[in-house]
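Per TrEMBL, the features are:
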DNA_BIND  A:14-53  DNA-binding region
DOMAIN    A:77-183  domain 'CoA-binding'
BINDING   A:Gly88, A:Met89, A:Gly90, A:Arg91, A:Leu92, A:Gly93  NAD(+) binding site
Protein chains: 2
Amino acid sequence: MSEIPTAAISRLVTYLRILEQLEGQDVSRTSSNDLAERASVTPFQVRKDLAYFGRFGTRGMGYTVPLLKRELMRVLGLNQTWNVVILGMGRLGHAIANYPGANDYRFQYVGLFDSNPELIGREVHSLPIQHVSRLHDFVQGHAHTPQRVDMGFIAVPPEHAQAAAQNLVEAGVRGILNFAPIVIQPRTSERGDIYEPTDEWKNVVIENVDFLAGMKRLAFYILNPHLKLSDTEENT
Amino acid sequence: MSEIPTAAISRLVTYLRILEQLEGQDVSRTSSNDLAERASVTPFQVRKDLAYFGRFGTRGMGYTVPLLKRELMRVLGLNQTWNVVILGMGRLGHAIANYPGANDYRFQYVGLFDSNPELIGREVHSLPIQHVSRLHDFVQGHAHTPQRVDMGFIAVPPEHAQAAAQNLVEAGVRGILNFAPIVIQPRTSERGDIYEPTDEWKNVVIENVDFLAGMKRLAFYILNPHLKLSDTEENT
DNA sequence: TTCTGTGAAGTACTTCACAGCA
DNA sequence: TGCTGTGAAGTACTTCACAGAA
């Protein structure tokens with residue numbers, strides 16, 4: 001049913017990182033074997049993953065680093081600017097806003113929100129923290145401008161994460177990156193029909209980043225080393 | 001070949017979080033249907049995942065929240081203390097050290113390391129930052145004490161992450177949680193045999209947490225909403 | 001000859017259907 | 001009757017083997 005495995009997308013991100021490293025070392029050519037070794041996957045996997053999106057190599061020769069990099073950037077949608085708001089400007093929100101590398105890919109923070117009155121008005125990289133009640137108007141107000149908000153990052157405490165997601169969806173963002181250690185329910189009501197996302201959630205994409213989960217998985221695999229397998233992100 | 005899917009472990013972590021929520025709400029019983037809805041997976045999946053590790057329910061009745069929680073804690077190895085060192089005490093390292101919730105699961109930071117002389121000696125939660133050159137002696141010195149170091153977290157810049165991992169492996173840690181956006185090569189030499197981990201790496205488990213990857217995947221799925229699928233962490 | 005691109009085969013994971021027990 | 005536990009069926013993903021282009 002699904003055309004492209006989710007895991008393949010994660011691997012494309014890895015290949016792109018490797019191509020950037022190679023470009024930085026002025027390496028101009030690579031191969032599925034070379035990429036595979038650097039990404040810790042099989043060469044078959046590399047070729048299959050790339051084949052989902054086109055033919056980027058030359059038989060007998062391999063791949064041209066800048067060309068493949070450009071194509072992966074295009075496929076992953078990293079040639080365009082992505083405007084982001086962060087909900088929750090505690091330690092985690094600050095760490096995210098300060099994390100270097102995000103703007104390497106034209107991810108731009110255009111709004112910062114919190115509910116704590118003490119934080120309102122403080123500036124992070126000359127962007128003021130606003131009260132979360134202003135989120136809806138902020139997103140709507142920028143809807144058809146170059147500042148249009150594409151994504152919201154959730155960095156609030158877990159007990160407020162579902163409400164934060166609800167806010168983002170109602171405001172009209174298209175994607176949510178959830179840093180809180182809960183599963184966001186793609187529906188509005190507390191107890192809606194199982195597996196039936198509410199309409200307004202239908203077109204919203206949710207991804208998760210959970211490093212407590214990473215710690216716990218690590219603990220498990222240390223105890224059960226015979227189950228050790230490769231994975232990605234993850235990872236995630 | 002592999003007995004238990006990696007994804008199943010990630011889902012167990014999710015079920016455990018849900019059980020903790022339920023316990024906090026004084027809910028004493030649950031079912032595969034209920035857990036499935038809260039975790040956004042199928043009830044079959046829940047039952048199969050649990051069945052990998054034992055029989056925790058009662059037919060006709062469902063699961064007892066505290067009992068299932070206790071069993072999952074045991075399976076995931078969260079009944080014991082895990083001693084952790086952090087390599088790289090820049091913003092990211094600080095964010096990790098300060099992240100609340102880690103010590104809820106008896107993950108304890110026992111050593112903080114950096115190479116920047118300006119940071120050495122500063123304290124985070126009354127734990128001093130040491131120079132990374134002391135890592136090996138630190139880990140070895142605590143090897144057979146209650147402070148034995150189990151895991152190392154890598155929070156250094158990407159170009160130093162492989163060396164940091166090398167340091168950790170040589171020092172003798174069993175698990176690495178890598179926050180840097182690179183693939184750690186499980187081998188010592190710059191260009192070793194493909195897929196052949198060096199001996200000392202054989203028993204080391206590596207997990208990744210990469211939120212830039214999360215941002216990039218999100219961008220892709222916003223552009224390609226017809227490929228939208230469920231996933232779990234991840235990945236990383 | 002080399003290394004990509006890809007249908008086919010193999011494997012792993014998920015879903016199903018129902019047996020089994022409270 | 002109700003809901004778990006689990007072999008069997010179905011599906012998705014990975015690996016393979018080789019055709020095909022430089």
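In case you wondered, yes, glycine gets a Cβ from its N, Cα and C as well.
Remember, TrEMBL labels are computer predictions, not curated facts.
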Across the domain 'CoA-binding' (A:77-183), DSSP yields 36 helix, 29 strand, 42 coil
Counting only residues outside A:Gly88, A:Met89, A:Gly90, A:Arg91, A:Leu92, A:Gly93 in the same chain, those with C-beta within 8 angstroms of the NAD(+) site's C-beta centroid are A:Ile86, A:His94, A:Ala95, A:Ile96, A:Asp114, A:Ala155, A:Val156
Sparsest-packed of the listed binding-site residues (A:Gly88, A:Gly90, A:Gly93) - C-beta count within 10 angstroms
A:Gly90
Out of the binding-site residues A:Gly88, A:Met89, A:Arg91, which are near chain B, with a C-beta less than 8 A away from one of its C-betas?
A:Arg91
Which Cβ among the binding-site residues (A:Met89, A:Leu92) has the fewest C-beta neighbours inside 10 Å?
A:Leu92
Summed over the DNA-binding region (A:14-53), the DSSP helix, strand and coil counts are 28 helix, 2 strand, 10 coil
Going by C-beta under 8 A and a gap of 6 or more residues, the same-chain neighbours of A:Arg91 (NAD(+) binding site) are none
Can you give the mean pLDDT for the domain 'CoA-binding' (A:77-183), rounded to a whole number?
95
